[in-house]
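Scroll down for the structure; my scribbles are underneath it.
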Amino acid sequence: MSRKWTPTCQNKTAYAFLAPSLLGLLVFVLLPFADVIRRSFFQAVGGLFVGMDNYRQVLENGAFRQALGNTVRFLCICLPLLLALSFVAAVFLNSITGFARVLRAGFLLPMAIPVASVVVFWKLLFDQNGAVNQMLGVLHLTGQDWMNTGYAFWILVGSYLWKNMGYDIVLWIAALSAIPEEQYEAARVSGAGAFQCFRYITLPQMKGSIFLIGVLSFVNAFRVFREAYLIAGDYPHESIYMLQHLFNNWFTKLDIQKMSAAAVLMAIAVSVILVLVEWWNERQESSE
Amino acid sequence: MKWRKILAAGMGLVMAAGLMSGCGGQTKEADNNKKDSQEKAMGRYVEEDLKPPVQDGETPVGAYEKDGTLWLYTSSGNAETGMKYYFYQYQDGKWSEAQEETGLTSAEMYVNHIEYGQDGNLYAMGTPTNTSEDVPYGWHVLKNNSDGDTWEDITPENLLKADESGYTAMLVDIDALADGSLCVGNGSSGQAEIYKDGEKVFSADMEPMMSNYQNTICASQNRLAVTAKDGKSVDFYDTEDYSAVGNVPLEEKGESYNIAAGSDGTWYSLTEKGLIRFQETGDLIETLLDGSYGKMGASEVGVSSFFCGEEDDFYALYNEYDKGRLYMAHYTYNKEMPVSAENTLTVYSLKENKTVEQAISLFQTQNPDIRVDYSYAVGQYEKPNSDDIRSLNTELLNGEGADVLILDRLPVDSYIEKGVLMDISGLRDELVKDSGMLENIGKALDRDGKVYGIPARVGLPVMAAKDDTGKALESLEALTSYLNENPDAQVLGDTIHTSAAESLLSVMYQDLVKEDGGIDEEKMIQFLDDCLKIFENMDTKMLEEAYGYDPEENEDKNVYFSAGYFSALKDGRVSLYELQGYSSMMYPAYSIKKAGIEPQTIHNCYVPYTIAGINASSKQQEAAELFIKALLADDVQGSETMDGYPVTESAFKNMLAYADTEAAQQDVVSSSFKDPKTGEEVMEEYGNADSQTLQIYLDLIRTLDNPFIPNRTLYDTVMEEVEKCYEGTETSAEAAKAIVQKMDTYLSE
């Protein structure tokens, strides 16, 4: 069934209200991004057109490949883990009643803690003279500089999960609350147990929320750079050297042309992923 | 519903207009045209150098104006030759010859300030050259007698009374009220005091000051102005009943406010920020002349006297400590001078730079139509970080970067590669030819025949050893084999581990870094092992405890080579120094000379500092070139800012001439310390190098051809890992691996 846009008095009013924010989007996002696309075809300074040279340089760049690999690895590990863990926690929190529901708010606390404090906390734990090494010392084990080894990656994964769990839990709980209680009651009357209720009522109705929560978690995953940067600086251990580190360092060296080309490549990659997910989501919905 | 639509449309329009206003489409040209069409505001104070005919070695004591004649007092001499005082008169644009102030000379005092009191008498303060029963130890106040030739000691008795520790009051300022009462700034008690007939009749808190002379108090016909205890405001007291009548907060200053009383109840203050007019009610605070337009804004100057003239003009007598001379400034209102300069030249450096500040002062005087806007990211002794560079890069990419860039610690090669910097080889050649710039130093930023920066200062790394230990520092291999042969050798002079590591890294830099900028892991392990062995042999932990080393201290000392700086040369130890000017070579030159050896250069390298480059997109390229010329002018090159040697032959010549003066040779430092290792009390007295010694070092500078501009990322990474090795949380192999990994990432970017 094809949809046809018809101008009405109502949508004119809606566009009048939308205009300021659309204008803001245009001025602060779309136009700057257009400038980024333009810069990706020029030299950093001087305005000399170089065609696809910057893209070629970026794709051949060892640091870019390393940072991209780390970022993809991080996303592939963190996103499924986060979605699964937060979903389990949400189902559990949704099932409890009474005062214990206050626990829900507790999961949001890490989000309220400023990044600087989080960093201090991680440093206290994982520094050479930090709590972890001291505990190992008590057990007569040798500690190490955790952020300078392969463990740094898993510390970063833990940090991301800890900080974002609460937010995803709230989103899952919102989705769970939308399922009418009557459906569970009817199922129970028909003799369904807790697992059947979960399998045949809860899970199918979560499909629609996975897209939104997944996208938000994906976007949040890029913010983990702040923690990595504040803990380990411009050049952290190679396992946590992310795209944002590279972008930051390129900017320090005034390599704006490489930054722009890499940003365009990233935008294309992210758009493709989102389009594919959206396509999959719509296909799921239409098949139902 | 119609009104809703109108409202919605209206809101949309207003918000859109609001957004648009932030990004106005008016072009700069249109803006300039608009400015041009408006009438320029004219008239402001200007500074004039009165150039008194003083001789070398004369230092300022004070100045005042009476009946249209300006009187200037100076002193010369020392404890051995005795002090002599001179005065000069300035009238109708002419200076008189120097006349000796025999009264003061015969008083046998080290007079450091003269003040003209509200009672019309002249007062002087100082300490006796020789104490006696009649002239006891302490600060004395002298009053010029009515005969004009003799001076009477009018020091109140209680100012000469010694405290429990045997010290008498230290005076920092004097003045006199209209009734002849004496006002003193008592640095010991931190109070401004008034004495009438020798008795203290009033005291009030003032800003604590303990240096020889600070202009903290000032009397008018009926008021006494005192710099308040917090140092951020001025308190006023009625001189009739001594009641407090006002407090005026002023902008924070570096040293004194240098207050002067106007004839109509208005007050004036002279600080590095400028010349300010204010009233005791605080109703009016107005900047008459910005500090950047005059000598007051220069570093390394102190104000000896500041007072109002008779025609809405002002005088300030400055002591240029670094040049060992005085500067008599006259500030007059010039109605033809634009209120603000028509053009602005922007200068940026990552760290505050004293040489640049000196150059700005000179440039402003030479080019009053161009205002210099100087900005920097961090202070002189702070460490800049990559965020500071990114902030600058944002401006550079927008075409808004400073016209003159001081390239110290900036990613110079990236800037050159991106075309940010202008080729200034023509300017360099001109400076070498006309200003006598050292050709070798001018090549510091020579890339493929083009020059992108000109250093205005240079650091001279030298090493000294009594035996052949210095050979151990020729290469990393030599160091390792020396340590294998002498397992207990500490190689370097006593120092803390960070300085030792930094110095060794600087010495071995070329050995460790491959041609492509990468690091040889094997060599890095060897380097770290050698460092750890040297730390152990030197017993740095014990030394650090004795020196009170604070690992949290984050001060940036701005030197790359420093080991055994203040310890005498001993067998089996190499002292490393990075000399940054005449004053900085006092102890090193003394100890090297005492040991009877010659200083040696390190890999023939020099450290270029204050490297000035011009932004290729600058619209003020001509002015920027003039500014670089100002950086290399004699006036700037000759100032002792402790951030490097000058880079011109004429400055070398002047420095050699100064080294032979009495003033330079009388500058003696005595130091005593307990050697932490032997427990021995060491007392030493040393002074400035003489011209012969200085010549040796200046000759060395002329021969250097290897600019040392290390990669800061490598430097910081190595130091970070050295720290972990030192604390024992990492092995040298692990540290080397981390360094190599990080540098590989850096290079692959």
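Using N, Cα and C of the backbone, Cβ positions are placed for all residues, glycine too.
Of the given residue ranges A:146-162, A:163-179, TrEMBL assigns the label transmembrane segment to A:146-162.
Long-range Cβ contacts of the transmembrane segment (A:259-280) within its own chain (Cβ-Cβ under 8 Å, at least 6 residues beyond either end) map to 33, 36-37, 39-40, 54-55, 57-59, 64, 211, 214-215, 218, 243, 246-247, 250-251. Taking Cβ pairs closer than 8 Å, the transmembrane segment (A:72-93) reaches residues 101, 103-104, 107, 153, 156-157, 160-161, 164-165, 168-169, 171-173, 176, 198, 202, 206, 210, 213-214, 217-218, 221, 224, 242 in its own chain, all 6 or more past its ends. Only residues 6 or more beyond the boundaries of the transmembrane segment (A:208-225), in the same chain, are considered here, and those with a CB under 8 A from a CB of the stretch are 74-75, 78-79, 82-83, 86, 156, 159-160, 163-164, 167-168, 171-172, 174-175, 242-245, 273-274, 277-278, 281, 285.
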